[in-house]
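Trainee: Got a structure here, written out as structure tokens. Questions coming.
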Amino acid sequence: MAQWNQLQQLDTRYLEQLHQLYSDSFPMELRQFLAPWIESQDWAYAASKESHATLVFHNLLGEIDQQYSRFLQESNVLYQHNLRRIKQFLQSRYLEKPMEIARIVARCLWEESRLLQTAATAAQQGGQANHPTAAVVTEKQQMLEQHLQDVRKRVQDLEQKMKVVENLQDDFDFNYKTLKSQGDMQDLNGNNQSVTRQKMQQLEQMLTALDQMRRSIVSELAGLLSAMEYVQKTLTDEELADWKRRQQIACIGGPPNICLDRLENWITSLAESQLQTRQQIKKLEELQQKVSYKGDPIVQHRPMLEERIVELFRNLMKSAFVVERQPCMPMHPDRPLVIKTGVQFTTKVRLLVKFPELNYQLKIKVCIDKDSGDVAALRGSRKFNILGTNTKVMNMEESNNGSLSAEFKHLTLREQRCGNGGRANCDASLIVTEELHLITFETEVYHQGLKIDLETHSLPVVVISNICQMPNAWASILWYNMLTNNPKNVNFFTKPPIGTWDQVAEVLSWQFSSTTKRGLSIEQLTTLAEKLLGPGVNYSGCQITWAKFCKENMAGKGFSFWVWLDNIIDLVKKYILALWNEGYIMGFISKERERAILSTKPPGTFLLRFSESSKEGGVTFTWVEKDISGKTQIQSVEPYTKQQLNNMSFAEIIMGYKIMDATNILVSPLVYLYPDIPKEEAFGKYCRPESQEHPEADPGSAAPYLKTKFICVTPTTCSNTIDLPMSPRTLDSLMQFGNNGEGAEPSAGGQFESLTFDMDLTSECATSPM
């Protein structure tokens, strides 16, 4: 089967990763239209040899023409349009650089192959991988359903056989007592014993049949318990474990976890069958008490059967007690498992055995670090108390689906203060954002004469005392849940394991896709890989340490990779979300790549990218222009940070940005958003209409005010147009200029002044204070 066909059969979790591989550089439509031909070419060789790359590129254009002819015959107007547009784009972008398209296609094919290998590994492991394919999950669930149906049928069949045995035993008991009574009378009267012997033989035959029936039932019960054990192992060790792993992935931004209802139905069905079987085993005890004999199989095997069924039911109930929603502060729903002292957090537990008789019977108690208190003290970790409503009764009324659950909405943590300021050991090896703590939930179940202690734990949480610790705390949560499925390893960061770039890349993309509508493309991830690992061709399998990811400063920078990236994520969510969702922000792109794609474009073409030097997160635009001699120049403006974007939206900055030459003529250098989208088309809808910016003047006022608006201007000189400043701190002076009418001071490190002008909209000219 062709690679592309195999990819389309994967689960949606994998398809999400597949979508991230493709962008405008290599459209997915082209991959779809020419799948067999693309897979038959040696793109890796073409990426290293220009003559072969040129040949393959021209062959690609020929294949596009042939496919266009097919669509023409089919009268498929939409596909004709898309294919023509794709060809024009490829010619304009790669005609002079065929090796570039070869590298892109080679990397996409390699990533596709890696994706298939991951899916195949999940299939071989029987669904215990993070994201099994849809086919594996469906087949496994169907088999599980069949096994559960088989268990239920066998339980019902045994129920019928138990009735048959009971009737046979009653007949035997009646005949035996009757014969015994008659035998006593005959002994008194001295009558012939022949009739008695005949009836004794009949009783012996009945006893033999009864013994065979008992042995058959005991054997079937043993087989039934083995079948239950197999189904239970599948449910708890595979299905439930897989759900818990998916919950971990969902906590760090991965695909949303599936609901527990189906798993609850399966576990409830098995629990009901186990209780019914336990009653059948108890029935055997009653039968034994009425009739027993030498070699009775009930006497020999019933205690063992009773012990097995009770153990199975206990273990099932313990496994069925889960944390449905991990601890999370309501103000930070996208960052669960990070809790700030003194701030309320919520969590929810659920029992996946839906017995109505347990409604309002189970009282849940919450505590923290129950089993790790001594360990925590040894390693110098802080200790906490849980405040608020830390006990609650499970009920079925609070859940929409009637599940047996308890939601805690008003919990807070308070640190236990010690003499040295809270930490039990001043020589603690871990910083506070690497300390892991467990929140424990406990209850007791009394059901049908059984007492079962239930206990479950949250995933490890990080407790912070200041919100500025959130980025590093979240990095700890990412690293832990990315690399382990052990739910209780609180000593994880004493020796944090190493991750691979493939793992890190997936998690980084989730940080965007979970809070926006767009993850990271393969090109964006490659740029991030260069930031972390340095220049390279193939980053797959490259190892990344915890220190490299979060603690060590990047080369030539005074901050770590994660601090830089986390601030960019925050910038996207709070200030430029709509533009990011539209795909207008290229974001992560190297300066070499930026120059390469802009140098072939007409003057005025610009792109939007994130700053590589701003610790707090910044976004800038880079455009192409021609100098006096006609030479192509690539210019960038100093990045805009959150402080500046608080005063003016990025779309309005782009729409109003101007360059002022020595003669005070204002020119807009931004015309087309890369590759060729008119600026007004892309950003106009995100700017406020002038009627909203300038309400009508009061008719009763003596003289109406002139309408004004702020624009961002970079002053320059004719002799130095090729040296446009990298730092127009335009919005830093916005409020000052608006208040006193004076221009901004020259930027501290810039060669030129950066001004925000107040434009007179009536005369359409700049009112310069200079």
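Note: Cβ is positioned from N, Cα and C throughout, glycine not excepted.
Okay, so Swiss-Prot annotates it like this:
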MOD_RES   ALA2  N-acetylalanine
MOD_RES   LYS49  N6-acetyllysine
MOTIF     150-162  motif 'Essential for nuclear import'
DOMAIN    580-670  domain 'SH2'
MOD_RES   LYS601  N6-acetyllysine
MOD_RES   LYS615  allysine
MOD_RES   LYS615  N6-acetyllysine
MOD_RES   LYS631  allysine
MOD_RES   LYS631  N6-acetyllysine
MOD_RES   TYR640  phosphotyrosine
MOD_RES   LYS685  N6-acetyllysine
MOD_RES   LYS685  allysine
MOD_RES   LYS707  N6-acetyllysine
MOD_RES   THR714  phosphothreonine
Trainee: In DSSP terms, helix, strand or coil for LYS601 (N6-acetyllysine)?
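Mentor: Going by the DSSP assignment, LYS601 (N6-acetyllysine) belongs to neither helix nor strand, so it counts as coil.
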Trainee: Out of LYS49, LYS601, LYS615, LYS631, which of the modified residues has the smallest number of neighbouring Cβ atoms within 10 Å?
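Mentor: Minimum Cβ neighbour count within 10 Å, taken over the modified residues LYS49, LYS601, LYS615, LYS631, occurs at LYS631.
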Trainee: Name the one residue among ALA2, LYS49, LYS631, LYS685, THR714 whose Cα is closest in three-dimensional space to that of LYS615 (allysine); these are the modified residues.
Mentor: THR714
Trainee: Near the Cβ of the residue listed as 'phosphothreonine', how many other Cβ atoms are there if near means within 10 Å?
Mentor: 22
Trainee: Inside 10 Å of the Cβ of LYS685 (N6-acetyllysine), count up the other Cβ atoms and send me the figure.
Mentor: 10
Trainee: Average the pLDDT scores across the motif 'Essential for nuclear import' (150-162) and report the rounded value.
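Mentor: For the motif 'Essential for nuclear import' (150-162), the model's average pLDDT rounds to 92.
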Trainee: Using C-alpha atoms, which one of the modified residues ALA2, LYS49, LYS685, THR714 comes nearest to LYS601 (N6-acetyllysine)?
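Mentor: Closest candidate to LYS601 (N6-acetyllysine), judged by Cα separation, is THR714.
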Trainee: Rounded to the nearest angstrom, how far is the Cα of THR714 (phosphothreonine) from the Cα of TYR640 (phosphotyrosine)?
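Mentor: Between the Cα atoms of TYR640 (phosphotyrosine) and THR714 (phosphothreonine), the distance comes to 14 Å.
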Trainee: Can you tell which of the modified residues ALA2, LYS49, LYS631, LYS685 lies nearest to the residue listed as 'phosphothreonine' in space, using Cα positions?
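Mentor: Answer for the nearest of the modified residues: LYS631.
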Trainee: Find the shortest Cα-Cα separation between LYS631 (allysine) and the modified residues ALA2, LYS49, LYS685, and name the residue that gives it.
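Mentor: Checked the modified residues ALA2, LYS49, LYS685; minimum Cα distance to LYS631 (allysine) goes to LYS49.
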Trainee: State the Cα to Cα distance, in Å, between the residue listed as 'N-acetylalanine' and LYS49 (N6-acetyllysine), rounded to an integer.
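Mentor: Cα to Cα, the residue listed as 'N-acetylalanine' and LYS49 (N6-acetyllysine) are separated by 26 Å.
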Trainee: Could you measure between LYS49 (N6-acetyllysine) and LYS685 (N6-acetyllysine) for me? Cα positions, answer in whole angstrom.
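Mentor: Just about 45 Å between their Cα atoms.
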Trainee: Have a look around ALA2 (N-acetylalanine) and count the other CB atoms within 10 A of its CB, chains all included.
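Mentor: Counting Cβ neighbours of ALA2 (N-acetylalanine) within 10 Å gives 12.
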Trainee: Using DSSP, what is the helix/strand/coil residue split across the motif 'Essential for nuclear import' (150-162)?
Mentor: 13 helix, 0 strand, 0 coil
